[in-house]
Structures are given as structure tokens and as C-alpha cells.
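Q: As annotated in Swiss-Prot:
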CARBOHYD  Asn152  N-linked glycosylation site
CARBOHYD  Asn161  N-linked glycosylation site
TOPO_DOM  1-13  topological domain 'Cytoplasmic'
TOPO_DOM  35-55  topological domain 'Extracellular'
TOPO_DOM  77-85  topological domain 'Cytoplasmic'
TOPO_DOM  107-201  topological domain 'Extracellular'
TOPO_DOM  223-238  topological domain 'Cytoplasmic'
TRANSMEM  14-34  transmembrane segment
TRANSMEM  56-76  transmembrane segment
TRANSMEM  86-106  transmembrane segment
TRANSMEM  202-222  transmembrane segment
Amino acid sequence: MARACLQAVKYLMFAFNLLFWLGGCGVLGVGIWLAATQGSFATLSSSFPSLSAANLLIITGAFVMAIGFVGCLGAIKENKCLLLTFFLLLLLVFLLEATIAILFFAYTDKIDRYAQRDLKKGLHLYGTQGNVGLTNAWTIIQTDFRCCGVSNYTDWFEVYNATRVPDSCCLEFSESCGLHAPGTWWKAPCYETVKVWLQENLLAVGIFGLCTALVQILGLTFAMTMYCQVVKADTYCA
């Protein structure tokens, strides 16, 4: 009976981790594709220049693949050490995510102020050598969200030391349109515009976060159940 339970949990554990591993492969693939086609796209922070969408996806994908591989191997081999390692790694990730979420909601105002200050600092790197990713990111954000600057279009005046903005701030794009009168530029601040967009999509973000948490809890349950079954089977055989 104990052996039958172990086999059932084993196959469920393997199937779960196979899907987990394939998900990691997908995330890693998207990250590599972004890195190859978009360069350092979405590198907006001047303090963390390596914190690009591509790099985050590559690191996340590789880590998920590693955890999934450990879980698959632990399930197939019925290895207590690997199962416990998988459980501890997944528990660490779960606790880290929970801590980040709690800190984010607890210090929202401070994070807002720091983010705006850091983004304004990053504006001074716009269009400079070696900052293609940051330049592309600002161009895309200002064009797609129809906004200009971090808190105001005048943020760009400090960057250029003149009354001008990047051409991506223009209502109708044309070469050197950023030198024209302010009436031809987007007036909405990018930080608040993107923040409102995120708030409008908060339900989708919440559902995604909840699904992620449920998957992780399911993985922890499978791992600990199988670990206990392996221990029980070893004790029974002994």
C-alpha cells in the first residue's frame, strides 16, 4: 500500500516538475530572444543598469529550470536529498516573493519617491554612448503611453539645458519636432501614466500572483508528501 502511494505521488511529482521545467525553458527562451533582438531593452534604472527585462527573464528562466530539474530527478530517483533540496529551494523562493510583496505594500510611498528620483537621474543618460537600452526604453514608453518625462515634460529641460524634449514626446512625430513649441508635445507624466495603467491591470497581476503562489504551494506539498513516502518506504523495507 505504501509503495502504491509512493508510485502515485512519484508520477504526479514528475509531471508537475516537468511542466515547471518547460515553463522555465519558455521564460529563458523569451529572455534570450529579447536579448538578441532588443539589446538591453527596458533598462530604465541608472542605479541598476543590468536590470533589464531580458536579463531578468534569463535569470528567472534558468533558476526555474534548475529547480524543475532537481524536482524531476528527485522524483525519478526517489532520492530524499534531492526532494528535500527541491522543497527548500521552492520554499526559499516562496518566502522571498512573500517578503518582497509585503515590503512593497508597506513602503509604497518611499519606493515611489526613490523610483522617480532614480528615473530622473537616468534621463541624463538618454542618447549617450553605451546606453542604447535606456534610450530605446524611454522612446517606446513615451510613444506608447503618450507621455513625456518622469513627472513632467520639463524634466527634459534639465537634461538638454534647453527648452526641448526627445522627438518621442511629440504629438505627431517628425525629425527634430522636440525643438518645437510645448503645445506640440505630450503633457502627461510617464511615471503617473504607467502607474495608472498598472493599477488598472492590478486584477490581472493579482490573479497571476495568486496562481504562481498556488503552483508553488502545490509543488511544496508534492515534494514533502513524496519525501515522507520515501522515508516510510525505507523504514518499511528495513
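Keep in mind that glycine also has a Cβ here, set from the backbone N, Cα and C atoms.
Predicted, not measured: the structure shown is a model, and the values here were computed from it.
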Q: Work out how many Å separate Asn161 (N-linked glycosylation site) and Asn152 (N-linked glycosylation site) at their Cα atoms, rounded off.
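A: That comes out at 15 Å between the alpha carbons.
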Q: With Cβ-Cβ distance below 8 Å and at least 6 positions apart along the chain, what are the contacts of Asn152 (N-linked glycosylation site)? List them in sequence order.
A: Pro189
Q: With the transmembrane segment (86-106) as the reference, which stretch in 14-34, 56-76, 202-222 has the largest tally of C-beta pairs below 8 Å?
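A: When the Cβ pairs under 8 Å are tallied, 202-222 comes out ahead.
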Q: Short question: which residues 6 or more past the ends of the topological domain 'Cytoplasmic' (77-85) have a Cβ under 8 Å from it?
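A: Counting only partners 6 or more residues beyond its ends, the topological domain 'Cytoplasmic' (77-85) has Cβ contacts under 8 Å with 6, 10, 70-71, 223, 226-227, 230-231, 233-234.
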Q: What is the pLDDT of the topological domain 'Cytoplasmic' (1-13) when averaged and given as a whole number?
A: 73
Q: On the DSSP side of things, how many residues of the topological domain 'Extracellular' (107-201) fall into helix, strand and coil, could you say?
A: 55 helix, 2 strand, 38 coil
